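K.L.:
Copied straight from TrEMBL:
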- D:1-23: region 'Disordered' (REGION)
- D:43: active site, charge relay system (ACT_SITE)
- D:89, D:90, D:197, D:214, D:266, D:292: 5-hydroxyisourate binding site (BINDING)
- D:89, D:292: O2 binding site (BINDING)
- D:89, D:90, D:197, D:214, D:266, D:292: urate binding site (BINDING)
- D:89: active site, charge relay system (ACT_SITE)
- D:294: active site, charge relay system (ACT_SITE)
C-alpha cells in the first residue's frame, strides 16, 4: 500500500481535540512519537443495478462499486477526528448512484468518471482507488428459436445470472498519474489430461509420486494492467473499448490453459500471461494467483478394481498456491497500482 | 423428518455399557423415560470427479454425494454405542468411489445404484437418503470455429465450470417404497419490467408504496418429485432419461419466469410449478422457495435528477421469502420424500 | 412442510386474471388439474439491533428475525396474483422494528408477540412461522479490574461479539395451536481423547481401521421443543424464563459431550439429548444434526517419526453426518413444529 | 508484491521445451519480449491440529498454515516447466506435519522454524512467506466449580471453539532479512454511544445528516509488525513470548476502541494504533482495515413512535471502509513485509 500521504506526526498537546476520553495520556506525555502512514477511506460494495430501457429490449448492468479517497488533508480525521475534509462515505455512495443515471458502460470508464469527479470536485482529494466487480447476466431464452420481437436472441427483459467468474476493474489515481487494472476471479478450469508433474527434488519429507498424467484444475484469479498508452488514450471517450479488451484477454487465458501441455501449473500460468501480452497490445503486465486444486486418484485396489485415471477425489484443503507476474519487457513498474489491487492489510 | 424407526426406549440398567462416565445417573435412577426418535447417519459431501476417457474426447462428471442410512437395528449405536450394525461412514465413502468406477450417468441413477446396494447388502439397512449436487462443466472453446479433431465443439479435455446454479438429486428409500426428487438451487433470475405489486392491505405499519412497474429478481430453489410411475419405470436401466427431464423442467421454469407478467412473486412461483406439471408428465409436484431480492429505485431527486426505473440499489437483507408447493391433482402425498429433502434439523 | 391450507385448484378460465401473458394456455385448455399445496410467505433476515439505554450502562440485543405467514385466504396471491390478503413483507419488517420499540427480551417472547399480532390483526392469517437468530455480545473489559462506575464488570457501552455459536428460536402457530422450538448452531466442540470407534461390520468396501483412541469433533446443531405445558405457561408474561432455559440446556449439552466416554458419535448425541430431557423439565424433545469432523492421525513413519496421537490433519470434506431425535416418553408428536424448523425445500 | 527474483526473459527458441502444443508461436516468432516478474509458490491452508498429551490434562493447538517459497532458481518452472528446483507443495505439507511432532508453540516460532528449514535445506530457496491462522479453543466447564483433577479450570480433554476472531501470524524471509507480522481478523466490536459524526463537507450529492450520537461498529482487521530488535531477539528460543505480545496488543486495541470518544472511525483507528505502539515496545507499526458497519436508526414516526437511539437496522452493504497505518517514528519501512501480508493479487 502506497500513498501520497507523507507520514505525519499528530499534535502532541490538545487532549480534548484528540477525542481521547479524559485521563488518556497525550503523545507528548507518554513516549514514543507515532506517525500516521498510508491511509484511505471510502464506501465499499455499493450494489448498483442499472437498467437501460430506451427500447422494449432492455439492457442490464450490475456492479458492486468501491471508492476510496486519499489526500494529505485527510490526516486530521485520523489524528484529531476533524472531518472538515472528509467527503462522507454516504456522499460517495450517492455519487455512484447519481452518476449511473447518465449510464454506466465499461466499468473502467465508469470508475474513471468517478475518479475524475472526486479529484476534481475536492481539491484536497489527490487520489484514490476506484474498483468494481461486474456481475454478468444473459437473456433467458424462452423458446427453441430464441427469436424475439426485436429479432435478437433471448427475452427482451428477462435475464439469468451468468457464469461463476466475476470481472473486476480498478482505476488508481495518484495526482496526475493513473492506472487501470482489469481482471477476473473464480474462473474455474480443469484439464482431464495433458498435465504432468515430475522431476522435482526429493528430501526426507518427500513422499509424492511422480506422474505423467494427472488432472490439472485451478480457479484463476488474474489481473492485468493496461499500458500507459492505453490509459492515456482512454481519456478520449470511446477511444478504448475496455469490454472488448476484457473479452479478448479472457478468451486467450482460457485457450492457453486448454492448449498448453502442462509440466507444472507454474508453466501454465506463465504461458497464459505471455500469450495475453503477445496477443493484446494494450496489456502491460498480468498477475496471477492460481490454486492447484488437487484431484487425487482414488486407490480402488482394496476393492479389486483398477483405476486408470477415471475416479478422483476432489480435495478442498490444502491446495497448492502458485503466484506469478508476467511483464511486457520495457514497461515501467507500477507498484502503486498493484498495491491498490489487494486489500489494504 | 420421518423414519421407519419406531421410538425405542434405551436399556435402563447398564451404566457401563452406556458409555457414560462413572457417576452419571442411569435413566432408571433419575426420572423420565426417554426414547430415541427418527435417526439416520452417513457420509456427507463426498467429492467425486469422474473422467470418462474411452476416446480422446473426454467426458467429466462432478458430484458431491451424501449417503445416510436408516434401520431399526441402528438404534443400539445411539443407545449404547454398539456399532455391530453400523456400516462405517468411511465404508460408505469407499462405496461411492468404487461404484463410480463403473460410470456415473444421471445422478438419480447413480444414487439408485447406491441405495440398492446398501439396502441389499445389509439386511438391517431398510432405507435411507441418497443425495447429490451435480456441478456443471462446459468445454473450453479455443478458437473461433470451436472445431476439434472429433468434429465437436470445444476442447477434447479442457473444461470450464458452468453457470451459477446447482442441480440436485435425491433418492429416498423406505423399505419397498422409494421416491426420486430432482431440483436446482441458486438459479438467479431477474425481470427488468413486467412486474407489479399493489392491492395489498394497509395497516398502521404499512408504508410500502404500490407500484405497477418494478424489478422482480429471485434466486430459485426448486425441487420436483417424479411420479411413482416414473420411479417404477426407472427400475429398468435406461428407461427414464433423468438428464433430459432435468433440462426440460429447467427450461420451463426459466421460460415461465420470463413470460409471466407478474402481479406477485407468489403468482410467478405458482405459474412456474403449474407449467412444469403441465408440460412434463413425469413431474408429480414441485416445491419452491424463492427470495424476493429487492431492487430499490434510488431517489435521485435530491441531486436534481429523475429516475424513470433506471438506477437501483440491490439490497442484501432483509428479503421477501416466498414458499409454495404445486401439486398434480390426484397424486398421493409423499411426506417421507419431502422430509428427506431438507436438513434433519 | 405442513400447512393448514388445503390444496386448492386454481380457476380454470380467466386468462387475463392469471397474469399469464396472452397466448398462454389456461389450465382448462391444456390438461392436468394442478393444485396449490403448502405455502407461506414473509420477510426473512430482518437485522434488528436494540439498545436499552435506561441508564449509563447500556444493554444490547441483536437478532435476525424472519416472519412467514400462512392462511387459506392467501391462495389467491399464488393462483391469480390477487394481493388483497397479502400483508406486505415490507409491513412485516416494519412491524418487527416497531415492536422492538417496546423492548425485545427473550427471542421466544418477542416472536410470540409478533405471532399474536399478525394472527390477531388479520383474521385470515391463521398461522405462521416466526424465527430468530440471536447474536451474542459481551462487554469489553478495559482494565485488569474490569470495574465500572456501576460496579459491574466490563464497559458500560462497548461490546465485543461473542462466541461462534448462534442461538435460535422459533415460534410456530397453526390456529389455536402453537409450539416453541429453541436451539443452537455452530457450537464446535472437540475431545482429544475419550473416544473409540470399533466393532463395525466389514464388507468388501471397508478399509477403516478400528481405534480405541481418536479425536472426536463436531459442530453441534441442536433444536429442542418445549413442552406444551411450558408453552401454555408462557402465555403469562414473565412466567417462563426462556433465556435461563437456553443457558441450562446449552450447559448440559456441553458437559455431556465432555463427560461421555464415546464409543460412537451416535451414542454421544443420544446421551446429550437424554441428559437435557432429564435435567430440564421444560424440554419435550431434542433433535440433533452433528457432523463427525474427522481428524486424521498423520502418518509420520516415512519421516522416521512416530505419532502417538499428537499430530492430526483436520479434514473439511467428506464428513460423517449423524442425525437423531431424543424424545421424552409420552409427549405428543409435533410434526408441524419440526417441519417449520427446516427450510421449506 | 516484491520478490528478490529479478525479471527474467524466457528462452526464445525451444518450442518443445516450452510445453506449448505444436504450432504455438515462440516468443522469438511473434513479438514482444516477455519477462517473469515476482513469483512464489507453496501449499496453502494446511489444517494442523496438535494435541499435547504429556499429562491427563491435554493441550490443543489448531493452525491453518500456508508456506510459499521464493528464489531465482524457481524461474525455470514458470518458463519451461523444469521442476528440478521445485520443492513439491506436497513436501511442504509433509514438513509442516513433521515439524509439529516436536511441538508447535507460538505460531510465529513455528513459522520461523519452517522458514529456517526451507531456506536452509535448499540453498536455492532464498526466501518466502510463512503464514498461519490460529484458531482458539477453550476448555469446556462441566460443573459450577469448574475444578478438575489437576486443580485447573475446565475439562482435561474436552474443548469448545473460542470467539469469532482469528489470530494471524506471518514470517517473511528475503535472504538474510526477516520480518514478523502478527494480527487478528474478524474482531467485531460495537459502541452503543460515544460516537459522533459531523463537520464533513457538503456538496450536491450530500444528504447525510450530522449526528452527535450514533452506534459505531466495526470488524477489526489489524496487523502489527514487530521491531527488528524483537525479530532479532527471537532468534534465541524462548527469548520473545509472542503469545503474550499478542494478548497485550489485542487487549489494548479492545480497550482503546471502548475508551475513545469517537468523532470519526478514522480517529478511533489511529488511537488504537497509537496506543498499541505506546504500550507495547515490540510493535513497530500497525495497519488496520476497518469497515464502518452502519446501524441505521429506524424511523418509527410513521407508526406514531419515537426512537430515541434504541431501534436500529444493521445493514450489510454498502459499508464504510477505513484503512490506515500507524507507525512508530524512526523505524525503517518494510514494504516487503507488507506486500506479503496481502494476497499476491
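Cβ atoms here come from the backbone N, Cα and C positions, even for glycine.
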K.L.:
Return the member of D:90, D:197, D:266 nearest to residue D:294 (active site, charge relay system) in space, with distance defined Cα to Cα and candidates limited to these binding-site residues.
P.N.:
D:197
K.L.:
If one measures from the C-alpha of residue D:89 (5-hydroxyisourate binding site) to the C-alpha of residue D:43 (active site, charge relay system), what distance in angstrom results, rounded to a whole number?
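P.N.:
Between the Cα atoms of residue D:89 (5-hydroxyisourate binding site) and residue D:43 (active site, charge relay system), the distance comes to 5 Å.
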K.L.:
Would you mind listing, in sequence order, any of the recorded positions D:214, D:266, D:292, D:294 that have a CB less than 8 A from a CB of chain A?
P.N.:
D:266, D:292
K.L.:
Out of these binding-site residues, D:89, D:292, which one has the fewest other C-beta atoms within 10 Å of its own C-beta?
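P.N.:
Fewest other Cβ atoms within 10 Å, among the binding-site residues D:89, D:292, is found for D:292.
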K.L.:
Are there any residues in the same chain, six or more apart in sequence, whose C-beta is under 8 angstroms from the C-beta of residue D:90 (5-hydroxyisourate binding site), and if so which?
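P.N.:
Counting only residues 6 or more apart in sequence, the Cβ neighbours of residue D:90 (5-hydroxyisourate binding site) under 8 Å are D:43.
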K.L.:
Among residues D:89, D:90, D:197, D:214, D:266, D:292 annotated as binding urate, what is the maximum Cα-Cα distance? Answer in Å.
P.N.:
52
K.L.:
Tell me the coarse DSSP state (helix, strand, coil) of residue D:89 (5-hydroxyisourate binding site).
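P.N.:
For residue D:89 (5-hydroxyisourate binding site) - judged by DSSP and reduced to three states - the answer is helix.
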K.L.:
Note down the number of other Cβ atoms within 10 Å of the Cβ of residue D:266 (5-hydroxyisourate binding site), including every protein chain shown.
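P.N.:
For residue D:266 (5-hydroxyisourate binding site), the count of other Cβ atoms within 10 Å is 30.
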K.L.:
What number of additional C-beta atoms lies within 10 angstroms of the C-beta atom of residue D:214 (5-hydroxyisourate binding site)?
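P.N.:
The Cβ of residue D:214 (5-hydroxyisourate binding site) has 22 Cβ neighbours within 10 Å.
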K.L.:
In sequence order, which residues at least six apart in the same chain have a CB under 8 Å from the CB of residue D:197 (5-hydroxyisourate binding site)?
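P.N.:
Set apart from residue D:197 (5-hydroxyisourate binding site) by at least 6 residues yet with Cβ under 8 Å, we have D:210, D:211, D:214, D:263, D:264.
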K.L.:
So, three-state DSSP: helix, strand or coil for residue D:294 (active site, charge relay system)?
P.N.:
coil
K.L.:
Look up residue D:197 (5-hydroxyisourate binding site) in the DSSP assignment and reduce it to helix, strand or coil.
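P.N.:
DSSP call for residue D:197 (5-hydroxyisourate binding site): strand.
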K.L.:
Does DSSP give residue D:266 (5-hydroxyisourate binding site) helix, strand or coil?
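P.N.:
DSSP assigns residue D:266 (5-hydroxyisourate binding site) to helix.
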K.L.:
Is residue D:214 (5-hydroxyisourate binding site) helix, strand or coil when read with DSSP?
P.N.:
coil
K.L.:
Would you identify which of the active-site residues D:43, D:294 has the most other C-beta atoms lying within 10 angstroms of its C-beta?
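P.N.:
For the active-site residues D:43, D:294, the Cβ with the most other Cβ atoms within 10 Å is D:43.
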